[in-house]
There are 2 protein chains.
Amino acid sequence: MTSTDAYAALMSHFREIAALGQAAMVLGWDQETTMPERGVTQRAEQLGVLEGISHQKLTDPRIGDWLAVIDRAALDPVQAKNVTEAEHRHHRATRIPARLAEETARLSAHAQGIWADARARSDFAAYAPTLSQMVALKREAGQALRDADESAYDALIQDYEPGMSERELSRIFGDLRPALADLRARIADSPVKAPPLKGPFAKEAQIALSRELATAFGYDWSAGRLDFAVHPFSSGNNGDVRITTRVTEEEPFGCLYSTIHEVGHAVYSQNLDPALMFQPAGEDAGMGVHESQSRSFENQIGRSRAFAEYLFPKMRDAFGDFGAADPEALYLQLNAVETGFIRTEADEVHYNLHVMMRFDLERALISGDLDVADLEAAWNDRFTADFGVTPPDARRGVLQDVHWAHGLFGYFPTYSLGNIYAGELVATLRQDIPDLDSQVAGGNMSHFVGWMKEKIHHPSRRYMPRDLIERAVGHAPSSAPLVAYLERKFTDLYDL
Amino acid sequence: MTSTDAYAALMSHFREIAALGQAAMVLGWDQETTMPERGVTQRAEQLGVLEGISHQKLTDPRIGDWLAVIDRAALDPVQAKNVTEAEHRHHRATRIPARLAEETARLSAHAQGIWADARARSDFAAYAPTLSQMVALKREAGQALRDADESAYDALIQDYEPGMSERELSRIFGDLRPALADLRARIADSPVKAPPLKGPFAKEAQIALSRELATAFGYDWSAGRLDFAVHPFSSGNNGDVRITTRVTEEEPFGCLYSTIHEVGHAVYSQNLDPALMFQPAGEDAGMGVHESQSRSFENQIGRSRAFAEYLFPKMRDAFGDFGAADPEALYLQLNAVETGFIRTEADEVHYNLHVMMRFDLERALISGDLDVADLEAAWNDRFTADFGVTPPDARRGVLQDVHWAHGLFGYFPTYSLGNIYAGELVATLRQDIPDLDSQVAGGNMSHFVGWMKEKIHHPSRRYMPRDLIERAVGHAPSSAPLVAYLERKFTDLYDL
């Protein structure tokens, strides 16, 4: 077999794996939005079989044969990236013993129900044994996966943020935590308050406005659609990227801003290089970069003063007097800062404090420095230190997120990485597009999206996340631009 | 390996094949109803990969090893059926050379476009070379698949109607053709005419009524949903069986009766034995039996005088004065008999004449007795003989159906088999349920559906179609009950 033949065989094999993954994605979307309730048993079996076949294909020993024959020096950069990714995925799949994969899948399948019951009753003790088992399994997985210079937690991060380490995360997060804790304390003392919303907000009008905003942000409706889901998400790639939202008559920003958030993810996925579809190098760069897009769309642009100018007349048309007298009042409503217990409801100032706390707790769980039995107390201590208040119950504390029940350890930090990358990217694109604010105020987001498309979307997975950001902004990513942006924005808004 | 282990391995293998097939079914439904237009390229690749993996699994040589070890005498009837089906599918998959499968898939993929273009221009010559290639490939497939005592066409039929042969079809169809040709000629001379419909018919009202009728016919909404499609279809099995319909303001019966038709298919699929899900014996019995359900629901019940009594007040409520003064006038509207050129628009009297003509033409193509170059002339000659009129152009003649472009040879006769089986089944169930008409007139279809569930739905694929029908009605199926039903119904309706 020649090197060319081996490369072709490897790519054909990973093309099948990619197609299986896309099929599973569509089945997952269908399950959340469309599937009749009695379809759930069959769907689990269908997804289990697709997952099992993908795993068989990833561990296929022929991958090793092909890799041995391929002459790496003869590959162009995209081919080289494809081979590196294929090798990496093959190694990771083969390093996890079948017994461990099965136990984790089985535990994950029923941990979610145990977590949901425990959360409903605010009873952490009822969930702790299950979480302990999951921590043990993920620790074992991290040990099996890690390279010599990595920690077990480092190895787990790689599924979500390739090339990242807990040391590097600690460095990047280092300055962010004190800056945010200080900012939130100063805002809490400010007399400035956002005017209250005046509803109700008709659902049809919210959906129509959500569609209009999605269009303004460059969402391609010929390659997507909008549906409803309890927990909004986006799903798919290239020519088929679907978004979901939720809607309630009490307030409109949940619908509008979850739509803009998902549109950020979706426009990224729609703009991935179509020439690389079904190749590893044609995928997205990772969760941090993905979140940088949703956060840039939702926060950096969507909660800017310029965007409030654009949005205000549309809100008036849709809802009449909604409680804000002018764009400036809407701007304040969009950036109301309040100390809350729930991560998913947090504002830009508090959000990363929620995340960094989870990062520190979960790596302590994986390293063994923290026992699950002590997790609730550790959570409440840390929360009190960072937020100045103590969660009244486990439901609003340690039991609020499903992630750990799914075995997602190393995932949380990508949320804050996304905010940090967004801070870097938008700071740089503001230099490249000096009149960005007047464009946004006029509803023209095309230069913003075009910049992201060129620098972030089209490169797809050609580069590691850190390198992709560095190529876009000219230096290694740090939290400094995000901190500067938040300081500037909230000092101004809250007269600090 | 013990016989028990081999059986378990075989079933696990076919469970994966079934799950892949179900996943492909959901992706196909999504493509027709939901998918954004730009998703089509990816979807083709996803479905191609699922199909390729299924084929690999069907041809897996381990199947032969397992079959060799299994002790057939130790199996219960369901297990024995599973093994027979697995063996049959494995043999058929391995008998088709990879080259032939690929050529057929490739030709089928672009034949549809060539057919659509040719149909739009009524230009059979533009399609003939493509159809010739397809006929040659299917003839080769039939030769590769056939057992010693089968014709090539017989072998092709097996995918749609297991155990059937062209000789048996000719026998069953034998008396039907002259009876129908005679009946249609007599109706054409009748002065009785259905009163014209008075529209428009609001789409929302049609959909609401379609839903009500689906519910009345036992469709389980917790295991299904109704969407729109250009060509209505039903899709899925057991807990997830979806139906589609189409709607136009000009007339309501297209929407209502395509819904009832698809509900017939869907209720069958919902009622398949859940204990056998993902096993070959748990599938439907074949296309003829499937069509017997859609035709029983749509025609035998849905176009009965009793059903017109039930439907009339609902039509009045939904549409006001729609052109029928009483249930009897609606009954006539539901059974308007007109000589048309298009199969899919045909009434109960003409429909089987359309089908039997295609059966005779397609088996002549496969046997080589008819050349594609002579097909248009043969079509028009036969049509003129059976219908008394000649198709004015190829669009309304030989080019009207897409089936042959997809390589579907041996499929058409299952439509008429469905009508014949429906005639047998409803004649027998009318003996078991003497007051069926008064039940139907009162909107109670539960005994009708219950009888079908017990005799046809729940047995799933335990028996060959012919045996299943014979078990239900007590004798080998023939067209006599269908002919008697049509004679009785239309002699009465048209004062013949």
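In case you wondered, yes, glycine gets a Cβ from its N, Cα and C as well.
Keep in mind that TrEMBL annotations are predicted by a computer and have not been checked by a curator.
Feature annotations, reproduced from TrEMBL:
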ACT_SITE  B:Glu262  active site, proton donor/acceptor
BINDING   B:His261, B:His265, B:Glu291  Zn(2+) binding site
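Apart from B:His261, B:His265, B:Glu291, the residues listed for Zn(2+), the same chain places the Cβ atoms of B:Ser234, B:Glu262, B:Gly264, B:His290, B:Gln293, B:Ser294, B:Arg295, B:Phe297, B:Glu298, B:Gly418 within 8 Å of the centroid of those Cβ atoms. The least crowded of the recorded positions B:Glu262, B:Glu291, judged by other CB atoms within 10 A of its own CB, is B:Glu291. In sequence order, B:Pro232, B:Ser294, B:Arg295, B:Phe297, B:Glu298 constitute the residues six or more apart from B:His261 (Zn(2+) binding site) in its chain with CB-CB distances below 8 Å. Taking the Cβ of B:His265 (Zn(2+) binding site) as reference, residues of its chain lying under 8 Å away and at least six apart in sequence are, in sequence order, B:Ser234, B:Ile243, B:His290, B:Gln293, B:Ser294. A Cα-Cα distance of 10 Å separates B:Glu291 (Zn(2+) binding site) from the residue listed as 'active site, proton donor/acceptor'.
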